[in-house]
Amino acid sequence: MVSSVLEVSHVFCCPNRVRGALSWNTGPGGLLAFGTSCSVVLYDPQKKVVITNLNGHTARVNCLQWIRTEDGSPSNELVSGGSDNRVIHWELENNQVLKSVRLQGHEGPVCAVHAIYQSGPSEGEQHALIASAASDSTVRIWSKKGSEVKYLQTLSFRDGFVLSVCLAILPGTNVPVLACGDDDCRIHLYIQQDDQFQKALSLCGHEDWIRGVEWATFGRDLFLASCSQDCLIRIWRLYMKPASFETKDGSLRLKENTFTIKDGGVRTTVAVTLETVLAGHENWVNAVHWQPSFYKDGVLQQPVRLLSASMDKTMILWAPDEESGVWLEQVRVGEVGGNTLGFYDCQFGENGTMIIAHAFHGALHLWKQSTVNPRQWAPEIVISGHFDGVQDLMWDPEGEFIITTSTDQTTRLFAPWKKKDQKDRSQVTWHEIARPQIHGYNIKCLAMIDRFQFVSGADEKVLRVFSAPRNFVENFSVISRQSLSHMLCDDQDLPEGATVPALGLSNKALFQGDIASQPFEEDELISPAFGSPQVTFQPAVLNEPPTEDHLLQNTLWPEIQKLYGHGYEIVCVACNNSKTLLASACKASQKEHAAIILWSTASWKQVQSLAFHTLTVTQMTFSPDDKFLLAVSRDRTWSLWKRQDATSSEFDPFFSLFAFTNKITSVHSRIIWSCDWSPDNKYFFTGSRDKKVVVWGECKSSHNPMEHPIRPCSSILDVGSSVTAVSVCPVLNPAQRYIVAIGLESGKICIYSWNKTNQEINDWTSCVETNPSQSHSLGIRRLCWKSCSDDDDDDDDDDTEQSEEGPEWLHFASCGEDHTVKIYRVNRRAL
């Protein structure tokens, strides 16, 4: 198959922090669907890769569900609901969107959605019945047949809120039943009669909000599982009541729990009884799910097993005892340690041999059943990522991993996991292998100082410098199959790891002696409540990516320095290519606060303050030869600073203002968000909210800016949307033109090539842009090209091919407000 020009090779993300944003397709090889920001992500847990993104919502995706088939085969339809008040029905083909239909009518965010297939009047005819609940206190019902969607009904709950809905077909009939979990502590049952849902009865018993309801059919009976904030799970049995249950006077037993349905002209009495109450969780139970039916040896199996997830950080697998029929806890799994707050949701997968939980901070926890001991479950590797907008990212200097920062107050490191398959073929997948910083402020920017050292800035006045511990370097070398001696070239005294003291924000370095002297568990139990901070770091030798529990506690990097000098929150930071200088800037509404501070990476002292801009500096970048520092600002101008060669080695080089624009000479009419240099130091590129990208130059340190002013040297490129990120590839295309990646506020990424022409017309050439499934769903925050090296690593051997003119495949990473980090590969020969 011929590869396309632009491909998404790796995606890092996690589910939204809401209940119901997770659904696992039934059948072998079923995909896991979850909502990430405004997108629906389809993830393959077996291959550990994201298959595609479904972009259609304009606000957060709150709930979704695969429409299950009767025979247990994988479904190709799913429904999702979001904070944009919409429900979207997705139809897939080969795991790609074939068509999508928007169902509108709700006047508030959709919080729950469910759908089933219902048989039509003709044999073999089916249509989808969809129910959705929203914060407008209504449940809306739709019917979808083919490409036609028909609105059926609205169920009003006045001042109440329905938090969960579930549809099913009454056994032996074609009558749908709808269960609605309400905030009045009751479950309301509705029966469809003459195409309209009518209330049948309400089930009482729970003492707090109903968080989840789900039906399952076992023979002629229908079972309903419900969970609540009262920490309990209730299982209700719904069955057709024979006429023999009637007493002589015609009254019915359990009258309050019976109702009558009419199907095909025949009236039938249906009874509902409480089967059992399950008490095992110690906090709110947020989700409960029956194990889906599946085929085994050609026979459709429906196991009687129930999975529940709770805010007590545990997930329990329940099943009735074979002898007594009493429901018992079979398996309990969960989180241990860390700053976590329990589980939002859970799902069965792979015929019940895998279970997954969705944690409060977005993390997924996957467990797989042992084939040797069925009662033993082991954690598995699963996708991870930020749960809030990703603000910045950087490749390490050798292009072997990326570090990202986010307003979720974490810094994360993603790297390739290189392993051999059963046929001894090399396989590469990317995973989060470290979480160097878990902070108390939103982290806004970072810069790599060295291969294993970076500086980050957050919504505080301090810059923090981190250095990798020995345990990380050792594990990284094993996971990525790199030479440890190449990484630890000298015998420096590296700390083993780091920990955060109680009520602290600084990662404290831990050395071998600190770990050896830590108390035993018994001593920890009797330690004073306000004594010294407990050591939680435990060094571990890993040969595969770590689990979420390990990431939370054992992958912090020690903080080696704090840099004080700014008066407001840090906005951007940059490091020069020789790794000797840092430049940083903070929020500012006055010139004195908008000054750029230069720091020495040798002494960690301020070298110089560069004052020019009157508002916040949004991005800075050093030229590849380190002779210039470029800054762009919210004041719609840029400034170019030239390094002065020091007359003596005792003095650090300093920068002087070389060129700038003002309100008259500035081409941009709105905030300039981004800038970057061409690899030959001649030109620099600026991108602005005014939808323009401009090339400026030429820049020569020997020129006098008065005699050779730096002006626009390109035609103005209008990309049709606000430009939020610009990045220039370090290599040229085969035609020796500059390759420029442009990130837009719409989430799209466009790649252009540019070359200076005498007429400044036709100098821009559009090469390729991301399609809807490849794009981010919200604004791009940063783009960064990978440095090109001879040992380029990726999934395919083709990626390592080098021609005399350069590599065939180029790689760049992107991050955005949609919580997602993506790595793309581009065919250089096609640009």
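Each Cβ is built from the backbone N, Cα and C atoms, and glycine gets one as well.
The repeat 'WD 1' feature in Swiss-Prot is assigned to 56-100. Swiss-Prot lists 105-152 with the feature repeat 'WD 2'. Positions annotated as repeat 'WD 3' by Swiss-Prot: 158-200. Swiss-Prot lists 205-246 with the feature repeat 'WD 4'. The repeat 'WD 5' annotation in Swiss-Prot covers 280-328. Annotation source Swiss-Prot lists repeat 'WD 6' at 338-377. The feature repeat 'WD 7' is assigned by Swiss-Prot to 385-424. According to Swiss-Prot, the feature repeat 'WD 8' maps to 438-476. The repeat 'WD 10' annotation in Swiss-Prot covers 612-651. What Swiss-Prot lists as repeat 'WD 11' is 667-706. Feature annotation from Swiss-Prot assigns repeat 'WD 12' to 718-762. The repeat 'WD 13' annotation in Swiss-Prot covers 775-831.
Packing against the repeat 'WD 4' (205-246) from elsewhere in the chain are residues 19, 163-172, 177, 179-183, 185-187, 252-253, 258, 268-279, 281-290, 302, 304, 306, 308, 310, 318, 327: each is 6 or more residues past its ends and has a CB under 8 Å from a CB in it. Counting only same-chain residues 6+ beyond the ends of the repeat 'WD 12' (718-762), those with a CB under 8 A from a CB of the stretch are 6, 55, 670, 673-679, 683, 685-693, 695, 697, 768-770, 774-785, 787-788, 805-807, 810, 812, 814, 816, 818, 824, 826, 828-829, 831. As a summary of secondary structure, the repeat 'WD 12' (718-762) carries 0 helix, 20 strand, 25 coil according to DSSP. Per DSSP, the repeat 'WD 8' (438-476) is made up of 7 helix, 21 strand, 11 coil.
For the repeat 'WD 3' (158-200), the DSSP counts in helix, strand and coil order read 0 helix, 27 strand, 16 coil. Taking H, G and I as helix, E and B as strand and the rest as coil, DSSP gives the repeat 'WD 7' (385-424) the counts 0 helix, 22 strand, 18 coil.
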